[in-house]
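A short write-up of the structure that comes next.
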Amino acid sequence: MAPTCLRPLLRYRSFAIICLTPLLLLPLPLAVSTREARCAYIIIIMAVYWCTEVIPLAVTSLMPVVFFPLLGVQTAKKVCLQYLNNTNMLFFGGLIVAISVEQWNLHKRIALRVLLILGVKPALLMLGFMIVTAFLSMWISNTATTAMMVPIVQAVLDQMYNTEYDVTVMEQATGQTNTVIELGEKSTSEATAVRALSNEQVPDDPTSSEEKKMRTHICKGMTLCVCYAASIGGTATLTGTGPNVVLKGQMNQLYPNNNDIVNFASWFGFAFPNMILMLVLAWLWLQCSFMGLNFKKSWGFGTERTTKEKAAYNVLKAEMKKLGPISYAESNVLLLFVLLVVLWFSRNPGFVKGWASRLFPGGEKYITDSVPAVFIALLLFILPAHKPKFIAWNPSKSDAEQAEEDTKKPFLSASLLDWNVVQRKMPWSIVLLLGGGFALADASANSGLSAWLGHQMTPLGSIPPWAIATVISLIIAVVTECTSNVATVTLFLPVFSSMATSVKIHPLYVMLPGTLSASFAFMLPVATPPNAIVFSYGHVRVLDMVKTGIVMNIIGVCCVTLAINTWGRPMFGLDTFPTWANTTTKQ
């Protein structure tokens, strides 16, 4: 709570930040009359607005369109081109495919099928939730994945404990010993005494305090694993989360001759193993924190399913049954989704010629990852959601009757995706945020601000590159807890790029760790939407998330440092300073 004397001032907080920030920073462009200073003036204002969110993030992202031309930093034509460039179209096409997967509940069918295969033993159930969430987050938004998975987790947990309560009451009412095997239960001799039962009276609390504590821990672990897996899974693909797309776009802005070093295949080859490593370590950490590494109780090798586990399995089966058999529309969406992934991987794999250069002359120059993304998006608006109707001619009807009936039955049904659905579900704010970030990066390079920043960071050349990468990961992991991950990388990546150029190390050596670390928002409910969704269910306190999230951040930074210094080195040639890094966008 703020002191009483300060409370009236809090009413004017937003107004003060909006008005005072430009006024207090005004001496910068007035005293230093250069393009670099004017560009820095707008960037600092946007950084303050983004960090404080006094106005919506997307609205702040539109400021370059107004102020860069007015201050002579960049022409309006060049600024506006950044808001729907090649990288934004890649993200846009990927989002449309993700919306179609959500629209036809294909993601839920995949999730339930995997969970039924893995089983419902405590450790396997948590692992199943994490694998499914991470896989889905690779392709659809982290928020949508978490919003779908948490109710499934909640339903499974509710059914497990409701069944446990019913069995316990029945056995105690008949004077029997409770034989229900619980997750992490203590021996029956340690259970607290149960009040005597009257003729039809049931106990209010059939479980001991230790058992209730264990149940609470399990609920926390099962829900936290979902939001953490969603954040980890989004790092594995180029379109999985916003920061990855920002890196791709800014690499193209700052280093236009980079030979498409960051594409879908190269990113996946680097980030997917890192995602697997992080997921395993996160699962082990959550097991230790909330369930304990008791393999006999958690894994249950060689034991039969308990009543609770059967109840959980029945919930999953019931949810799967509600979906019914796979429909024609789901099959089409699944085929298009697989086709898109194949096209992305095979466009320019690197070790062999891809379809872009084999099928189209000069295809490696003209075709990027945005082309297959938008192509599949177009097909979603063309292909029908139901099988085409082939109507045979009926000789018992007159030609006029037949013709009239045929006109009422269209050959093709409605398409797999409707534009109204896309308008409603498309996160337009992220698209604008990406565009604003690309405009900042382009203006920084053209105005000379990036070169000035790089010159100031020349003394960092005495520090080993691996140490620089580790420090950057730690800084970004802390900053992203309080600000938008996309806004964080948008502000920091041009600075990291300038630093890399000044100390003559590969730009990706510092930009990759910074980008991945922006997704490590594990400590606070407000850090990222998946955390907020999990927190809203009431099982987790802020302190629980902070204590668990600190270790998760350490795990993330260690994994990224390992990845960038092992398989990342030969994959991107990080040991040498590339020739294309000497050339930035010309003024």
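Placement of Cβ uses the backbone N, Cα and C atoms for every residue, glycine included.
Transmembrane segment is the annotation TrEMBL gives to one range among 508-527, 548-567, and that range is 548-567.
It is 430-454, from the ranges 5-29, 430-454, that TrEMBL records as transmembrane segment. Distant neighbours of the transmembrane segment (366-383): 86-87, 89-90, 92-94, 96-97, 100, 238-239, 260, 263-264, 332-333, 336-337, 339-340, 343-344, 347, 356, 360, 415-417, 419; these residues of the same chain sit at least 6 beyond its ends, with a Cβ under 8 Å from one of its Cβ atoms. If you look at the transmembrane segment (221-241) against the transmembrane segment (83-104), you find at least three C-beta pairs under 8 angstroms, all six or more positions apart, and that counts as contact. In this chain, the transmembrane segment (83-104) touches the transmembrane segment (430-454); three or more CB pairs sit within less than 8 A of each other, excluding pairs fewer than 6 residues apart. The transmembrane segment (83-104) is in contact with the transmembrane segment (326-346), judged by 3+ CB-CB distances under 8 Å for residue pairs 6 or more apart in sequence. In terms of C-beta pairs under 8 Å, the stretch of 110-140, 261-286, 326-346, 466-496 lying closest in packing to the transmembrane segment (41-71) is 466-496. Cβ atoms under 8 Å from those of the transmembrane segment (110-140) belong to residues 94, 97-98, 101-102, 146, 148-149, 152-153, 156, 183, 218, 221-222, 225-226, 228-234, 236-237, 239-241, 275, 279, 282-283, 286-287, 291, 295, 297-300, 305, 309, 312-313, 316-317, 319-320, 323, 337 of the same chain, restricted to positions at least 6 beyond its ends.
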